[in-house]
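Engineer: Take a look at the following structure, please.
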Amino acid sequence: MEFQEPASCSNLEEPINKFISAFQTGDYVVLGVVLAFSACIGLFFAFKDRKKSNEVYTMGGGEVSPYPIALSLATTFFSSITILGTPIEFYRFGTMFFYFSITYLICCILAAEFFGPMYKKFNLTSMYEYLELRYNRFVRLVATAEFIVQTVFYVGVVIYTPALALEAVSGLNVWAGVWLTGGVCIFYTALGGLKAVVWTDSFQIVCMFGGLFAIIGKGFSSNGGYDLMISEWREGGRNVWDDFSFDPRVRHTFWSIVIGGVLGNWGNSFCTSQAFVQRMLATKDIKDMRKAIYTCWVFATGMQCVVALFTGIVVYSYFKCCDPEKAGFVENKDSLLPYLTVEIFKEYPGVAGLYVAGAFSGTLSTASSGINSMSTCIVTDFLQPVLKLKERTWMILSKLLALAIGLCCIAFAYIAANLGGVLQAAMSINSMLGGPTTALFVLSFFNPWVGPSTAVISYLAGIGMAVWVFVGSKIYPPRPEFSKQMHLEVSGCNITNYEPCEPDSSGVYPDVPWCDAPMDLERPGIASLYEVSYMWLGAIGFFTTVIIGCLLLRPKRLKEGVLHPFVEKRYRGAQYIPKNKDQQEKHEKIEKI
C-alpha cells in the first residue's frame, strides 16, 4: 500500500512543536517504589533461604509453581526491548511483526514436546551438562563459553535501553541510568537467586502491562476512538499483512519471521537458552513444565504482539504528521515512546512513571535471568567438576559470581550504545550466536553420527558464518527498498529553517534530520550477501552448523540413552557404550562373537 499524507495533516491549525514536558515528582515516586520493591524481594528470599543449599539458590529446589515460572519466562524474553522497541517497530514498519506470534507458538511446542523432556530426563542444572554426556567435557565448555559471551552482550543491550528512556524524560545522564538499573538488578539477583528472579518477574510483568495499557487507553480516548485511529493507520500504509516475498534481503517477510525466527533468535531463546531451560527445570515435573511453557506463549503473544501493536497505533496517531526523530526533536527512535508518554500524561502525575517503571522492570527481569543463568553455568560447568567445596561455600561463590557478571554486563552496555536500534540489535546478537547453538543441540539429539570433533567444528563454523554476515551488514547496510520503513511525515512539524529534501545543483542533499539521501549504489557483489535480513542471521548459522555436521564422519561408539527417544528407538547402526560394568562385560562378549 502506497503512503498517502493523512488529510488531518493538511488541516492542522498550527504546526507541532517539540514537547517540553518532563518527569514530575509523582513519576519519580512510582519508579522508586518499583525499584525498591524489586530489591526487597531479593532481600526476602535471601533471608528465607539462607540455610538452604546452592541447588535451591540456583534452581529453586524444583518446587516453583508453573504460573510464576510462565510469567518469568514471558518477562525474561520480552524485556524493556518490548516496552521501548516493539511499539516503534509497528509504528515504523507496519503490522508484519505480528507474525511473530506464530514463531512463538512453534518455539513453545518444540520446547514443551522435544527439548524440555530431554533436559528433564537427565535432571540437569546446566543444560550444557548434556553435551558432556553426549560427547565430552571440551564440547560442553565451548558451548558454555559461547553462551556467556552471548548473554553478556545481550544483557548489556537491555541494561542500556531503559537508561535511554529515563534520559529522554528526566534529563538524567544515560550512564547514571545504566548504573541505577544494573545496581538494583545485581542486588536482588545476587542475594535471592532463582526464586527472587522468578517472583520479581511476576511483579514486574504487571508494571510492564500497566504502562502500555495506560498509553493505549489514553490514546484511544483522546484521538477520536478506535474506528478513526484504525482508519488513519490504514491510510498511512501501516496495515501490511501480505509480504510473502522469498527475497532474503527484505527485512520482515512472513518467511523470515517464522522460519528465520524459529531457527535463530526465538528458537534459541525458548529451546536452547540456559535462562529458559533453568526455569523449565525449576518445575516439579514435565506436566508442570508444559503448563508453564504454553502459559508463557499466551503472555508472550499478548505483550509482544497484541499490546505492542495497539501501542504502535497510538504512537502513529500522535506522530502521523510530525515524526519527532526525523524532525530532530529526539536523538534516537528508542526515545520516542518515553518522549510521548510524559507529554500525554503531564496532567496525571505518576502514570508516565509507571510506563518508565515498566521499561525498567523489563530490563531487571531479563538482566537478572541472564546473570543468574551465567552464574549457574560457571559454577556447574567450570568450577564444580574441579573443586570440592562445602554447600555453603558454593552459595557464597555463586552470589559473588553474580555480582562480578553484573558488573561485566554494565561494561558491555557501553558497546550497546553503538549498535543502533535496541530491538534489532538485541535480536541480531541472539540470532547470529543462538542459531548455531540450536543447531548443535538438534544434531546432538537427532543425529547419532555426530562426534565430538564434528560438533565443535560445525558449531564454530556456524558462528563464524553468521558473525561474518553481521559484520558485513554494518559495512554495507541494506538498501531502503529492502528495509521497507514506512513514510515518516514532517510536514506538520514546527521546524526552524526548514529545507525541502531535494538535491542542489551539485546533486548534494541537505544535511538535515528529515532528509534521507539516496545510498551510494556502487557496491561489490558480495554486498548482496550482507544485505540479507537480520532475521536470517540465525538461520545462516543454523544451516551452516547442520550441513557441516552432517558431512563429517560418524563416531565409532555412542553412549546409550543420549539421543532423543524418537531417534533412540529407531536407530540401530551405532554401537552403544553400556551403562555399567555388567553390561560392559556382556557387550564385550557379544563383540567377540
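Using the three backbone atoms N, Cα and C, a Cβ is placed for every residue, glycine included.
TrEMBL labels come from automatic prediction, so no person has curated them.
So TrEMBL says this about it:
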TRANSMEM  28-47  transmembrane segment
TRANSMEM  67-85  transmembrane segment
TRANSMEM  97-117  transmembrane segment
TRANSMEM  138-160  transmembrane segment
TRANSMEM  172-191  transmembrane segment
TRANSMEM  203-221  transmembrane segment
TRANSMEM  253-271  transmembrane segment
TRANSMEM  354-379  transmembrane segment
TRANSMEM  400-417  transmembrane segment
TRANSMEM  429-449  transmembrane segment
TRANSMEM  456-476  transmembrane segment
TRANSMEM  534-553  transmembrane segment
Engineer: For the transmembrane segment (172-191) against the transmembrane segment (28-47), do we get 3 or more Cβ-Cβ pairs below 8 Å once near-sequence pairs (under 6 apart) are dropped?
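Structural biologist: Contact between the transmembrane segment (172-191) and the transmembrane segment (28-47): present.
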Engineer: Short question: which residues 6 or more past the ends of the transmembrane segment (253-271) have a Cβ under 8 Å from it?
Structural biologist: 77, 96-97, 99-100, 102-104, 106-108, 110-111, 114-115, 243-247, 293, 427, 430-435, 437-439, 441, 533, 535-539, 541-543
Engineer: Report, as numbers and ranges, every residue of the chain located at least six residues beyond the transmembrane segment (203-221) whose Cβ falls under 8 Å of a Cβ in that stretch; write 'none' if there are none.
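Structural biologist: Contacts with the transmembrane segment (203-221): 34, 37-38, 41, 71, 74-75, 78, 82-83, 87, 229, 299, 303, 307-308, 310-311, 313-314, 317-318, 337, 340-341, 344-345, 351, 354-359, 361-362, 364-365.
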Engineer: With a cut-off of 8 Å between Cβ atoms, can you find at least three pairs linking the transmembrane segment (534-553) to the transmembrane segment (429-449)? Only pairs 6 or more residues apart in sequence count.
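Structural biologist: Per Cβ check, the transmembrane segment (534-553) touches the transmembrane segment (429-449).
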Engineer: For the transmembrane segment (456-476), name the stretch out of 138-160, 354-379, 400-417, 429-449 with the most CB-CB pairs under 8 Å.
Structural biologist: 429-449
Engineer: Sort out for me which stretch, of 28-47, 138-160, 354-379, 400-417, has the most Cβ pairs below 8 angstroms to the transmembrane segment (429-449).
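Structural biologist: Checked against 28-47, 138-160, 354-379, 400-417; highest Cβ contact count belongs to 138-160.
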